[in-house]
Amino acid sequence: MEEISPAVALTLGLANTMCDSGISSTFDISELENVTDAADMLCNQKRQRYSNGVVDCIMGSVSEEKTLSEVRSLSSDFSVTVQESEEDEPLVSDATIISEGLIVVDARSEISLPDTVETDNGRVLATAIILNETTIEQVPTAEVLIASLNHDVNMEVATSEVVIRLPEENPNVARGSRSVYELECIPLWGTISICGGRSEMEDAVRALPHFLKIPIKMLMGDHEGMSPSLPYLTSHFFGVYDGHGGAQVADYCHDRIHSALAEEIERIKEELCRRNTGEGRQVQWEKVFVDCYLKVDDEVKGKINRPVVGSSDRMVLEAVSPETVGSTAVVALVCSSHIIVSNCGDSRAVLLRGKDSMPLSVDHKPDREDEYARIEKAGGKVIQWQGARVSGVLAMSRSIGDQYLEPFVIPDPEVTFMPRAREDECLILASDGLWDVMSNQEACDFARRRILAWHKKNGALPLAERGVGEDQACQAAAEYLSKLAIQMGSKDNISIIVIDLKAQRKFKTRS
């Protein structure tokens, strides 16, 4: 008895990485078969068309192989199946992970496989959605391709893997503005900011989903064949500001840093449009964030005109606060391809990649070797008084504000430019009210477990509702971390942002 592949359902984005909108795409679903001899299959470059009444589907040329190793039937609403055990690993990685040559439909798209399919005679062997080419602004349309099997043919369906081969891309074909990286990175976050053991609240947090379109050249560099029209990626902004000596500077950072950052990115956009700067991406982002922080610091100190909050055109030349007030500032820009973190002070950003924590910032402490040397070179002193302090007063070596400690305490941030990876789980931004009592690994493990536990208890939100407002699972994780910090002895204000980097999760279930 002849054996063939099982019924499968696939949602495919079928277009080149960059497509000329004037050139139509013809895509084929090729050779769904058992991968018992992968080498023979991958070397087989022939074209076939089955038209004998058994299988009727389009076959085509091959060049690039994409293997889906654990194919499952997709329900029309793409609901998330929640695992029974928190320690189980996800079967399917999130929709934000990008693969060269693949365009992924926005999770909020209404395109999906049909619930039922009518065939003239037989049963469905495979169905797939073929996306028609669109511009970024248009809603993708689709056609459903169906391969069916006649009842009168005696065949046995067996489990197998599926190899989907994409047509060879012609590098000489003109390309349009649609990019493989123009993929909606669904923002999933939760925040909390509490007084903790302090009598006054001096912290502030800010989350701005869909913050800004960033030119791909600032993320991916000058790839051959990239459109000169500078396609963009959507970024999401997150910031934690830990004030000291008062709340004025932290509050001003809350209201101003994101807009100052947007101004600097806009300036870089204009430079990229006029010419190729020749700078590396790390250098570009360092310049963007340093200029942003220095501008805000000058505004805080009354050195330059600053905008008045709530007024679009009014400017004033006056200090925001007394010169003894300052704030840390840790900021993360998250998009589908990269995470960019800037930090000034002792707040911190930590990434959970797989099961390992990765700090994306390094605390600016006076006893850090390079910071100690910089302070002494500038004529300052690091004095031990309940820990290392600049001039015996400030327990951090960099901050925004603190004019009375210039030039020993500086506002210059350090910047980390981190490409996203498939294993990325979550990102935590927090003030030292958390990090003083909890290690990076502990915080990441607690956050991940809490997110998974929330999904186990409550199920998954419909995709159309994900990314709208704060994510309840991330919110639960942030609140849980703050309670643990208090239980572990934190006496400071505690501000936390938890960002779930798995925009779409699918978990193992107990059979």
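Numbering starts at 1 and runs along the chain as displayed.
Quick reminder: no glycine exception, Cβ is built from N, Cα and C everywhere.
Computed from a predicted structure; not experimentally measured.
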**Request:** Would you identify which residue of D367, D370, D492 Swiss-Prot lists as part of the Mn(2+) 2 site it also attributes to D242, D432?
**Result:** D492
**Message:** Residues other than D242, D432, D492 within 8 Å, Cβ to Cβ centroid, of the Mn(2+) 2 site?
**Reply:** D203, T328, D346, S347, S431, G433, L434, W435, D436, N493, I494, S495
**Request:** Out of D242, D432, D492, give me whichever of these binding-site residues has the highest number of other Cβ atoms within 10 Å.
**Result:** D242
**Asked** Around G243 (Mn(2+) 1 binding site), how many other CB atoms lie within 10 A of its CB?
**Response** 29
**Request:** Determine, to the nearest whole angstrom, how far the Cα atom of G243 (Mn(2+) 1 binding site) is from the Cα atom of D492 (Mn(2+) 2 binding site).
**Result:** 11
**Complete:** D492 (Mn(2+) 2 binding site) and D242 (Mn(2+) 1 binding site), compared by Cα position, are separated in whole Å by 10
